[in-house]
Amino acid sequence: MSTLSLSQYLCREQQLHDLDPVLSRLIVSVSEACKTISFKVRNGALAGVLGMAGSENVQGEDQKKLDIISNDIFVEAVALSGSVCGMVSEEIPEVIPVPEDLPIGPYLICFDPLDGSSNIDINVSIGSIFSVLPAVRPKREPVAEDFLMPGTKQVAAGYCMYGPQTQLVLTFGRGVVMFTLDPTTGTFMLTAEDVRVDRSAKEFAINCSNMRHWEDPVKRYVAELLEGKTGVRGKDFNMRWVAAMVAEVHRILQRGGIFMYPRDHRDLTKPGKLRLMYEANPMSMLMENAGAAATNGHQRILDIVPEKIHQRVAVFLGAADEVERVTSYHAE
Ligand code: AHG
Ligand code: MN
Ligand code: MN
Ligand code: MN
């Protein structure tokens with residue numbers, strides 16, 4: 001199959017849609033980071049990348065070695081691109097500046113360097129997620145407040161999935177495209193354009209072990225899905241849970257469905273488990289660009305103005321009809 005490489009695709013976007021060459025350079029650097037992580041993941045125990053790091057991140061999660069390795073790979077690749085003035089990462093408490101000897105650029109980037117950490121040691125799909133924001137006033141040492149803009153401001157977002165194939169999925173706000181890493185040449189090749197998600201769905205994803213803690217609208221919505229053909233929904237629904245948001249979103253982009261990570265009664269002060277700036281915003285931008293939807297049960301995720309870089313949020317994303325239904329239950 002003859003198709004475009006990622007670099008050729010970015011050149012085409014520069015010609016056809018005035019894509020900023022600096023943003024293009026940032027995406028190439030992100031793709032280089034993902035490629036390096038992919039090679040490490042493929043080697044697993046042989047590369048010594050499995051197991052715990054023995055530390056905790058700012059969210060109180062035990063860090064895996066690969067969480068930290070991936071973070072370091074991202075930070076280095078992005079800093080060298082000269083296209084950002086700062087970075088924030090799930091794994092680092094404060095804003096990460098660009099080293100003084102390197103040039104800065106007009107963008108800010110937020111990333112989850114390794115998503116699906118609990119899958120690392122069992123050889124199940126994992127990924128990296130990124131979100132690019134414009135810096136309002138590019139400066140050498142941006143502070144956390146400089147990142148606190150709603151997801152509608154994102155100029156690019158995407159993820160890379162390290163599964164049976166390594167795939168990079170990307171949006172600049174003009175639809176969603178997918179690239180597959182050719183392992184023989186180390187090149188990301190364009191393998192899907194204009195990715196669309198059906199409004200209706202037959203599949204849902206939620207961690208049902210938390211059912212007893214859910215709020216009533218979520219209990220009602222899932223109970224109705226489980227009733228199947230003879231219930232109010234009048235059809236059967238299938239369920240999947242990979243425990244890596246990247247893999248759930250990837251499945252939805254390929255064959256539809258809804259993904260949920262609601263807040264729950266264990267701790268009502270916590271607005272959810274997933275992180276707004278590293279996970280929910282980039283995935284919501286991808287969803288909306290594929291004709292799907294994303295809310296926190298009450299409002300569009302992309303409209304939320306963050307108060308902190310590590311802020312968490314409830315997430316309902318995927319098939320528009322299903323997201324609208326579960327969101328409407330929250331209003332009742
Ligand atoms: P991370 O590995 O980056 O901390 O994110 C894990 C997230 C997300 O990817 C996934 O959907 C969810 O946590 C899995 O949660 P459970 O442990 O409840 O299955
Ligand atoms: Mn984590
Ligand atoms: Mn994650
Ligand atoms: Mn992570």
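Backbone N, Cα and C define each Cβ position, glycine as well.
Curation does not apply to TrEMBL; its annotations are automatic.
Copied over from TrEMBL:
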type	residues	note
DOMAIN	14-192	domain 'Fructose-1-6-bisphosphatase class I N-terminal'
BINDING	Glu90, Asp112, Leu114	Mg(2+) 1 binding site
BINDING	Asp112, Asp115, Glu279	Mg(2+) 2 binding site
BINDING	Asp115, Gly116, Ser117, Ser118, Asn207, Lys273	substrate binding site
DOMAIN	199-330	domain 'Fructose-1-6-bisphosphatase class 1 C-terminal'
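This view paints the features noted in TrEMBL onto the structure.
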residue: Glu90; record: Mg(2+) 1 binding site; contacts (Cβ under 8 Å, 6+ apart): Asn57, Gln59, Asp67, Asn71, Phe111, Asp112, Pro113, Arg275, Tyr278, Glu279, His310
residue: Leu114; record: Mg(2+) 1 binding site; contacts (Cβ under 8 Å, 6+ apart): Ile37, Lys64, Leu66, Asp67, Ser70, Asn71, Ile120, Ile126, Gly127, Ser128
residue: Asp115; record: Mg(2+) 2 binding site; contacts (Cβ under 8 Å, 6+ apart): Ile126, Gly127, Ser128, Ile129, Tyr159, Ala244, Met245, Val246, Glu279
residue: Gly116; record: substrate binding site; contacts (Cβ under 8 Å, 6+ apart): Val124, Ser125, Ile126, Gly127, Val242, Ala243, Ala244, Met245, Val246, Ala247
residue: Ser117; record: substrate binding site; contacts (Cβ under 8 Å, 6+ apart): Glu61, Gln63, Lys64, Leu66, Asp67, Ile126
residue: Ser118; record: substrate binding site; contacts (Cβ under 8 Å, 6+ apart): Ala243
residue: Asn207; record: substrate binding site; contacts (Cβ under 8 Å, 6+ apart): Trp241, Ala243, Tyr261
residue: Lys273; record: substrate binding site; contacts (Cβ under 8 Å, 6+ apart): Tyr261, Arg263, Arg312
| Other residues with Cβ within 8 Å of the Cβ centroid of Asp115, Gly116, Ser117, Ser118, Asn207, Lys273 at the substrate site? | Asn119, Ala243, Ala244, Met245
| request: Starting from the Mg(2+) 1 site formed by Glu90, Asp112, Leu114, give every other residue of that chain whose CB sits within 8 Å of the mean position of their CB atoms, in sequence order. | output: Asp67, Ser70, Asn71, Ser89, Glu91, Phe111, Pro113, Asp115, Ser117, Ser128, Ile129, Tyr278, Glu279
| task | Return the members of Asp112, Asp115, Ser117, Asn207, Glu279 (the binding-site residues) with CB less than 6 angstroms from at least one atom of ligand 3, or none. | result | Asp112, Asp115, Glu279
| said: Using DSSP, what is the helix/strand/coil residue split across the domain 'Fructose-1-6-bisphosphatase class 1 C-terminal' (199-330)? | reply: 60 helix, 23 strand, 49 coil
| said: On average, what pLDDT score does this prediction assign to the domain 'Fructose-1-6-bisphosphatase class 1 C-terminal' (199-330)? | reply: 97
| said: Other than Asp112, Asp115, Glu279 themselves, what residues in this chain have Cβ atoms within 8 Å of the centroid of the Mg(2+) 2 site's Cβ atoms? | reply: Glu90, Phe111, Leu114, Gly127, Ser128, Ile129, Tyr159, Met245, Val246, Leu274, Arg275, Tyr278
| task | List the binding-site residues Glu90, Asp112, Leu114, Asp115, Gly116, Lys273 whose Cβ sits under 6 Å from any atom of ligand 4, in sequence order. | result | Glu90, Asp112, Leu114, Asp115
| note | Per DSSP (helix/strand/coil reduction), Glu90 (Mg(2+) 1 binding site) sits in coil
| field | Listed binding-site residues adjacent to ligand 2, that is, members of Asp112, Gly116, Lys273, Glu279 whose C-beta is under 6 A away | value | none
| task | Provide the three-state secondary structure of Asp112 (Mg(2+) 1 binding site) computed with DSSP. | result | strand
| task | According to DSSP, folded down to helix, strand and coil, what is Ser117 (substrate binding site)? | result | helix
| task | Specify the count of other C-beta atoms within 10 Å of the C-beta of Asp112 (Mg(2+) 1 binding site). | result | 29
| remark: Here the 10 Å Cβ neighbour count for Glu279 (Mg(2+) 2 binding site) comes out at 27
